[in-house]
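The feature domain 'Plant heme peroxidase family profile' is assigned by TrEMBL to 11-308. Feature annotation from TrEMBL assigns disulfide bond to 21-101, 54-59, 107-304, 186-218. If you look up TrEMBL, you'll see 48 marked as site 'Transition state stabilizer'. According to TrEMBL, the active site, proton acceptor annotation covers 52. Under the heading Ca(2+) 1 binding site, TrEMBL lists 53, 56, 58, 60, 62, 74. The substrate binding site annotation in TrEMBL covers 149. Here TrEMBL flags 179 as heme b binding site. Per TrEMBL, Ca(2+) 2 binding site is recorded for 231, 233, 238.
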Ligand code: HEM
Ligand SMILES: *[C@@H]1O[C@H](CO)[C@@H](O)[C@H](O)[C@H]1NC(C)=O
Ligand SMILES: *[C@@H]1O[C@H](CO)[C@@H](O)[C@H](O)[C@H]1NC(C)=O
Ligand SMILES: *[C@@H]1O[C@H](CO)[C@@H](O)[C@H](O)[C@H]1NC(C)=O
Ligand SMILES: *[C@@H]1O[C@H](CO)[C@@H](O)[C@H](O)[C@H]1NC(C)=O
Ligand SMILES: *[C@@H]1O[C@H](CO)[C@@H](O)[C@H](O)[C@H]1NC(C)=O
């Protein structure tokens, strides 16, 4: 696995497009605002791209590349297939930016700006984004398979994983708070409901009434594409996710394990009691996540789904 990263501070800067595309940030925000009115969930789906892009060889738009006859991309990796969505939102943003300032704003930066806006537009914090990333010439399905965590991981394993990216346990818990927005499939909870760790039983960490509700939504052998919010207010970016973990109404095993585990429980409690603490830690975590850069050669793609030039 590649963990080579350039020093973000040498490359990225706020207002990077100040001269070349002064309206870049306002164009992205306007597209995200329109998107949210059309389909509320899609802004969450777009925000998730920042995680699935930046953990796989840095924030380089690799997650957006379609497969080619010679390259298996990340869209169809096990954690992404049937789950990552709203690629067309990035296409629409790119189209608007290409009209305003051709061949200038990278797809990798679009993900970073759009993720910030998704959070701000749904009631969460706002932060300054550093820009100037380049788009990759390739993508790696294998790296996506190997790196993007499954919801069967517990807090200890998640701490270890995030540490490899210089992200602390506190960063990891705060970033998991992104599950305040969006939806997950029954597919992601059926083992927890009916066969936790191969036990043939449900996860004892469930609050019983919540479990009852989920077994109705996600019956054994039912349609695993049915979705649920991961907290009780999936359209609002707030600390309800952490309150739900405290009352053992977390959806994913990985979510609930943040409260089960003594290594992370105090952060869950802190964020559940003080939304400002959560918002500050979340913004800080997103900036650190956005600082993960690739050292491979890059370009500004004209279409986020395909490279301009052939990778050699
Ligand atoms: C800590 C480790 C994490 C794990 C194990 C994890 C796992 C998952 C899973 C299993 C789903 C539901 C997939 C489905 O059933 O289709 C999901 C959804 C989501 N994740 Fe994560 N995730 C993690 C961290 C993050 C981070 C760091 C972010 C963003 C910064 C993020 C953003 C999202 C969003 C917004 C959704 C909902 C997407 C939608 O509605 O389309 N996740 N995650
Ligand atoms: C669930 O979605 C996947 C692709 O996202 C599809 O292949 C499958 O047929 C769907 N299953 C049902 C029961 O609709
Ligand atoms: C967490 O998961 C790891 C890897 O599967 C396992 O070795 C460890 O025992 C688990 N920790 C707890 C507290 O369950
Ligand atoms: C983590 O920090 C160390 C020390 O500053 C640095 O050498 C390493 O490249 C960083 N790793 C990542 C993935 O950013
Ligand atoms: C539960 O999981 C275990 C291990 O993955 C598997 O062997 C077993 O068949 C499963 N049981 C049911 C009822 O699906
Ligand atoms: C919540 O956290 C913020 C930021 O650390 C702090 O200023 C504020 O006093 C805290 N609020 C409460 C009620 O503890």
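Every residue number used here counts from 1 along the chain in the order it is shown.
Each Cβ is built from the backbone N, Cα and C atoms, and glycine gets one as well.
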Recorded positions close to ligand 1 - of 48, 53, 58, 149, 218, only those whose C-beta is under 6 Å away: 48, 149
Using Cα positions only, nearest of the recorded positions to residue 107 (disulfide bond) (21, 58, 59, 149, 179): 59
Sparsest-packed of the listed recorded positions (54, 56, 186, 218) - C-beta count within 10 angstroms: 186
Greatest C-beta neighbour count within 10 angstroms, which of the disulfide-bonded residues 101, 304: 304
231, 233, 238 excluded, remaining Cβ within 8 Å of their centroid (Ca(2+) 2): 180, 229, 232, 234, 236, 237, 239, 240, 241, 243, 244
Recorded positions clustered about residue 179 (heme b binding site) [Cα within 10 Å; pool: 21, 48, 53, 149, 218]: 48
PLDDT averaged over the residues of the domain 'Plant heme peroxidase family profile' (11-308): 98
Using Cα positions only, nearest of the binding-site residues to residue 56 (Ca(2+) 1 binding site) (149, 233, 238): 149
Residues within 8 Å of the 53, 56, 58, 60, 62, 74 Cβ centre (excluding the Ca(2+) 1 site residues themselves): 52, 54, 55, 57, 59, 61, 63, 108, 136, 139, 140, 143, 144, 294
From 52, 186, 238, the recorded positions whose CA lies within 10 Å of that of residue 74 (Ca(2+) 1 binding site): 52
